[in-house]
Amino acid sequence: MVTIVLNKYKLLDKIHIGQQKLEDLLFNLKSEVKPIDENNIEIEINADRLDLLSSDGIARAIKGLLEKELGEAKYNVTDTEYTLIVDNVRTRPYALAAIVYNAKIDLEELIQFQEKLHGTIGRKRKKVAIGIHDLRKVDSKTIEYKEVPLSYKFVPLYGNKELTISEILEKTEQGKLYGNISIANGVSPAIVQDDGEVLSIPPIINSNKTRLDENTKDFFIDVTGTSFEAVAQTLDIIVSNLAEAGGTIGRVKVLKSANSSQLSSPLFLHKIQNVREEYVKKILGIKTSKEEICKHVMRMRMNCDIENGVIRVTVPQYRVDILNEIDVVEDIAMSIGYNNLEPSKYISTNYGSYDYMTLLERKIRELGIGAGYVEISNFVLIKDEKLFSNKYVKILNPVTEEYNAVRDSLIPGLLDFLSKNQHAKFPIRVFETGDVVVYDSSTDTGFRNDKRAAYAIMDNKVSYEDIQAPIHYILKSLGLEVNYKEENNNIFIEGRSASIFYENEKMGVIGEVNPDVLIRFGIEYPAVIAELYISEIGKRLTNQR
């Protein structure tokens, strides 16, 4: 959910209804209203409904439910003489721009709208950043988006003197927060007039030159980012909501210098979504018709036509939450009102049961305890230096370097546990079951989840045979007659380790820990370890059932 704060009276004045009616209609849109004080209300909105993050967007939606306006909102659009030249900006390659004339907006609300978009579709400015400028203060009709050196100077927003970009990164709050997103190789993305004056360095900060004030009615809007689709959608949402406030949208010519391509911005990205009448009836459990379905779609501010018996919904640019047929059905439910949908009776009763892998893991844990081992539990995250493989999932922004990777084996965690418990009474026999993430080139992500069990013994004197016997007992108790094939790796002593096979399928590894590995973990006593691949064991046992 996304929370916005609006002036209650300004919002009610746009739709001419009472507060209780407003709350009821917003509830239909899956939003909740909470009073803050006499003048202001707090509204919780679903994070996918970006079009509702301002009072004008809410007013547009409610006018549809009240049937004051039906179908897609129509706005005045005109061509302008403004041009945006997009150069090769390596860290944020995409940029679009638009003009909005004569929009009557609340400045505080516009800034809130901008920041809520930054936090949602913008992913805290990493994916998309928005610059909103006072058009009166833009001196050039040709604007360029390009890389500039960090020595470039301009007066940052609310500043009173020129600073270099390097100084902005060091001295301003925005520079400290967002500088690491886009700065690379000593250059920064920048929106620049044709005379070289900087208007903004996205996603960090605007220039004070084009600062908005209460008298601003004409806007130059730039949107930059790492995803062209997200940039286009964000610009469409902003200009649509400003146009809802009485503004006229001005197109900007966008030229891509790298390939000389040209387009007109904003793009107003529409899509056609076909909806089946029977599908709507099935999902909502109602009796309806194509005409009734179209009526509800129009109430949700989308266009709807029936062509050759097919319901065709035209999704406007501001409804980026509509991805497929089920999203349209959800909108129909909102138009009808969830309270007006009759709950259906249960036509069958089903009983849940444990997943087979859960039962298998439970059985393996019981066998481990029965074999004299104590169960421990480590974190799934681990320090990458403790891993033995170089193919693992790295955490991009870890809270601490102690947990900067996802484990691909349970063995490092057991060794770490042994290193911290060398003072305990010997022998130490411990085991763990849990999830790991292993490299797998056949999957979409290159990795897959795997379930494993690992066993360790540490004593003054311990050998391969000490771990092999209980492992063989556990596997035999599961109904598996396994073979052990000598295989060497960097964890175990050469000639004192093996892989565990069942019918030519590898089920685990076992061996005496290499002294170099013991030294690496600070362990002063010999240790033996085995790791079983529960996921593979489960597949084989399932085939035998």
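Cβ from N, Cα, C; glycine included.
Features of the protein shown, as given by Swiss-Prot:
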type	residues	note
BINDING	ASP321, ASP327, GLU330, ASP331	Mg(2+) binding site
DOMAIN	268-343	domain 'B5'
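On the structure: features taken from Swiss-Prot.
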residue: ASP321; record: Mg(2+) binding site; contacts (Cβ under 8 Å, 6+ apart): ASN46, ASP48, ARG49, LEU50, ASP51, ASP327
residue: GLU330; record: Mg(2+) binding site; contacts (Cβ under 8 Å, 6+ apart): none
residue: ASP331; record: Mg(2+) binding site; contacts (Cβ under 8 Å, 6+ apart): HIS296, VAL297, MET300, MET302, ILE322
Centre the Cβ atoms of ASP321, ASP327, GLU330, ASP331, go out 8 Å, and tell me which other residues of that chain have a Cβ in range of the Mg(2+) site. ARG319, ILE322, ILE326, VAL328, VAL329, MET334
Reduce the DSSP letter at ASP327 (Mg(2+) binding site) to three states and note it down. helix
Taking DSSP H, G, I as helix and E, B as strand, the domain 'B5' (268-343) contains 33 helix, 16 strand, 27 coil
Mean per-residue pLDDT computed across the domain 'B5' (268-343): 93
CB neighbours within 10 A of ASP327 (Mg(2+) binding site), counting all protein chains shown, number 16
